[in-house]
Every structure is written in structure tokens, then in C-alpha cells.
Amino acid sequence: SVKLRRNYYHKTCPNVENIVRAAVTKKFQQTFVTAPATIRLFFHDCFVQGCDASIMIASSDGSKAEKDHPDNLSLAGDGFDTVIKGKEAVDAVPSCRNKVSCADILAMATRDVIALAGGPSYEVELGRLDGLSSTAGSVDGKLPQPFFNLNQLNSLFAANGLTQKNMIALSAAHTVGFSHCSKFANRIHNFSRETAVDPALNQGYAAQLRGMCPKNVDTRIAIDMDPKTPRKFDNVYFQNLKKGKGLFSSDQVLFHDPRSKPTVNNWANDSHAFKRAFIAAITKLGRVGVKTGKNGNIRRNCAAFN
């Protein structure tokens, strides 16, 4: 496996982390959505052909890129813009120009937005090259769906070398950001023949959701993933699951399934244990399918191949 390292740019662009952090901080101050959008972009990138910024590529006439797959159409533009702003800031320093990959800038920006939102700080590993291919077809079956059960979640994460514990920690990224009514409508309107509302949902929360997402509402209406502290990266996500306030079935199943429930209970009570587990998981996520040597390069423009 490829060895990423913390001081990868110490000779080529020694100040890179401060340069990226300044650009990301400015973007975050303009809009909070920067945080969840960037985290989700990193995750969607890494799970399809590895952490190689292939998600950034714009489609061209002949071929549809990853970002235009249906599973990626709801990625917020602010995530892409954060990477582009980071790249511009790096390239504005003559000695750093075209020396730092878009993939590494995305990894740094993800670390930065997590800290800015009040989450754990960690050292980021660097040394990824940008990928040389991006196709919509490569996304099929690679990303978790909001209706997945524990077996489906575990097998998808295992395919990327991540454990159940890593998966539960990374699910807590749902402590920030929002979703759209269409992604959980079935849980509040037509769950089964017997019941309209998913019995795993807290009844008061279900009523709130039905109010915000009536049957024929615009499906693009945004609903906070964490109803309690939507702008703080914290372990309240796990406390919510204990109360039946996981927005997706794939969130709530973590408390519902006896195999994952003890971990949820532990992290709901122990924010330090959660932070340690999250750092371990996102560090491991950042190593997935990393490109080096002939398998990648450093893009001049993150949205286009050189």
C-alpha cells in the first residue's frame, strides 16, 4: 500500500497547510454549508476509484464524469468551490504552483472544515496524486444509500478496507449538514402497508418531519441531519440515534441493530472516545485507492485532466 506522510510537501511547498487553511476558513465564514459539503465530497471521492479528486472532473461532450451520476447530483457546489479556492491560493504562491494535487487539497480542506465546525483536529497525511479517469458508470453501487441496513453498510465499507467501527464513526459526519425530503419521504409517508410512519422514528420527530416535508412538497427542501446541533461537529448524532432521531434508516439502524448499538451508546456518552475513533476512521478513509507514480498526476485545473 502507498505510504502517505504528514510532511510530504515540506520541500516543494512548505507552507501548504496554512495556505489551504486560510482559503478554507474564508469560505467557511461566508457559508456554513462549506463544512458538510466538503466532508461529503471527500467521502464520495474516496469511495469511487479512491481519494484521487476524480469527483472534481467536469463532464465533457463525449463522456459523463463521476459528478454527474445520480448519486452525486446532490453534492453541494460549495464543496467543489472550497477545493477550487484552496487550489487558487496554493497556485498564487509561485514556488507552489502546480506542485500540490487537488486530491491532497480536498483532504486538507476536509480536515480544516471539521475543525472549524468544532470537531476534532488531526494531522492530515499527504502525497496523493490526481486520478486520470472519471466516469459516471464507475459510481454504480459504490456509495451507501439512505435505506441500507447494517450488512449492506458493512460490506460497502469493507470493500474499502474500513471496519464496522470506522463506518459508525464516519456516519457521524451526519452531525452537520442537511438532506432533502425525497431521501427519507418513505419513512414518514408510506413506510409499509401497515403503517405510514417508520416505527423506529421518534413520534414527535416524525410529526415535525411530516410538517416540513408534506407529501407533495418540493423534494429539494433542505432538512438538518442533526435536529439538535446542526452546526456543530459533535457526538450529538449518537445521542439523537438513542432517541429515534436518525434521519435516514441507515443512521437509525446503527442503534437498532444489536451489533452496532453498543458502539453508538459508548460514543453518545464519551465524546473523547468518539473523536479518537473518528480521527482513525477518516485517516484510513484518506488512504483508500491512493494514486502514485504513473497512475496519477497533479492537475493544473481540478475540474479537467491536464
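Each Cβ is built from the backbone N, Cα and C atoms, and glycine gets one as well.
A disulfide bond in TrEMBL ties Cys13 to one cysteine from Cys96, Cys102, Cys181, and that cysteine is Cys96. If you go by TrEMBL, Cys102 shares a disulfide bond with Cys302, out of Cys213, Cys302. The disulfide bond recorded by TrEMBL for Cys46 joins it to Cys51 [selected from Cys51, Cys181]. Around the Cβ of Asp52 (Ca(2+) 1 binding site), the same chain contributes Asp45, Ala103, Arg128, Leu129, Asp130, Gly131, Gly289, Val290, Lys291, Gly296, each under 8 angstroms and 6 or more positions distant in sequence. Checking each of the recorded positions Cys13, Cys51, Glu66 against His174 (heme b binding site) by C-alpha distance, the shortest gap belongs to Cys51. Other residues of the same chain near the Ca(2+) 2 site, with their Cβ within 8 Å of the Cβ centroid of Thr175, Asp226, Thr229, Asp234, are Val176, Lys228, Pro230, Arg231, Lys232, Phe233, Asn235, Val236, Tyr237, Asn240.
Surrounding the centroid of the Cβ atoms of Asp45, Val48, Gly50, Asp52, Ser54, Glu66, where the record places Ca(2+) 1, the chain contributes additional residues within 8 Å, namely His44, Cys46, Phe47, Gln49, Cys51, Ala53, Ile55, Gly131, Ser134, Ser138, Gly289. A gap of 14 Å separates the Cα atoms of Cys13 (disulfide bond) and Cys102 (disulfide bond).
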